[in-house]
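*Asks:* Straight from Swiss-Prot, here's the annotation block:
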{"type": "ACT_SITE", "residues": "U47", "note": "active site"}
{"type": "MOD_RES", "residues": "S32", "note": "phosphoserine"}
{"type": "MOD_RES", "residues": "K86", "note": "N6-acetyllysine"}
{"type": "MOD_RES", "residues": "K86", "note": "N6-succinyllysine"}
{"type": "MOD_RES", "residues": "K112", "note": "N6-acetyllysine"}
{"type": "MOD_RES", "residues": "K112", "note": "N6-succinyllysine"}
{"type": "MOD_RES", "residues": "K146", "note": "N6-succinyllysine"}
{"type": "MOD_RES", "residues": "K146", "note": "N6-acetyllysine"}
{"type": "MOD_RES", "residues": "S195", "note": "phosphoserine"}
{"type": "MOD_RES", "residues": "S199", "note": "phosphoserine"}
{"type": "SITE", "residues": "U47", "note": "site 'Subject to oxidation and hydroselenide loss to dehydroalanine'"}
Amino acid sequence: MCAARLVAAAAQSVYSFSARPLAGGEPVSLGSLRGKVLLIENVASLUGTTVRDYTQMNELQRRLGPRGLVVLGFPCNQFGHQENAKNEEILNSLKYVRPGGGFEPNFMLFEKCEVNGAGAHPLFAFLREALPAPSDDATALMTDPKLITWSPVCRNDVAWNFEKFLVGPDGVPLRRYSRRFQTIDIEPDIEALLSQGPSCA
């Protein structure tokens, strides 16, 4: 068993994990987000749904961030090589290419990582174990096996860019959504979690 899976197997919540911000600096412990509702997505700047999903992520963070939502984006190049920029190039790609028009994410973006295979970030290994399939499409799989570039391949692998994981204020993953489920349509589920009470830091 690889180290990422060992760490994931021992974890009880996302608070056991950390990730380095895209802008650089020290790793951010997800434990610092205790009490917040988290929406975690693997993102890519050259995907067919980049404009839709990035703008919807911004919209959810803008509207629901003050009430306790934190959106987290993890660039990943494992799906069709659609995040082939270097870490330091991603923000400019978003600003000038796609979505373009001066777009700037208002949510946390982290350094590129893998979400599947032996090199998967421990956070994603944990999320995949906790939520083995998207709730809206339990049969979601990679549509073209020729595009699989990682090993081992597991049934709970993320199938493409912009899969979403909703995590409650206790750090426990609650629901997984496929790439086809629009980010903005998660709002009712987020609202339900936020209405359960104020977030506590």
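Keep in mind that glycine also has a Cβ here, set from the backbone N, Cα and C atoms.
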*Asks:* Please determine which of the modified residues listed here (S32, S195) has the lowest count of neighbouring CB atoms within 10 Å.
*Replies:* S195
*Asks:* If we check Cα distances from K86 (N6-acetyllysine), which of the recorded positions S32, U47, K146 wins as closest?
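*Replies:* When the Cα distances are compared, U47 comes out closest.
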*Asks:* Measuring Cα to Cα, how many Å separate S32 (phosphoserine) from K112 (N6-acetyllysine)?
*Replies:* 21
*Asks:* Would you pick out, from the modified residues K86, K112, the residue whose Cβ has the largest number of other Cβ atoms within 10 Å?
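*Replies:* Of K86, K112, the one with the most crowded Cβ is K112.
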*Asks:* Using C-alpha atoms only, work out the spacing between K146 (N6-succinyllysine) and K112 (N6-acetyllysine) and round it to an integer in Å.
*Replies:* 22
*Asks:* Provide, as an integer number of angstrom, the distance between the C-alpha atoms of the residue listed as 'active site' and S195 (phosphoserine).
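*Replies:* Between the alpha carbons of the residue listed as 'active site' and S195 (phosphoserine) there are 33 Å.
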*Asks:* U47, K146: which of these recorded positions has the highest Cβ count within 10 Å of its own Cβ?
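*Replies:* For the recorded positions U47, K146, the Cβ with the most other Cβ atoms within 10 Å is U47.
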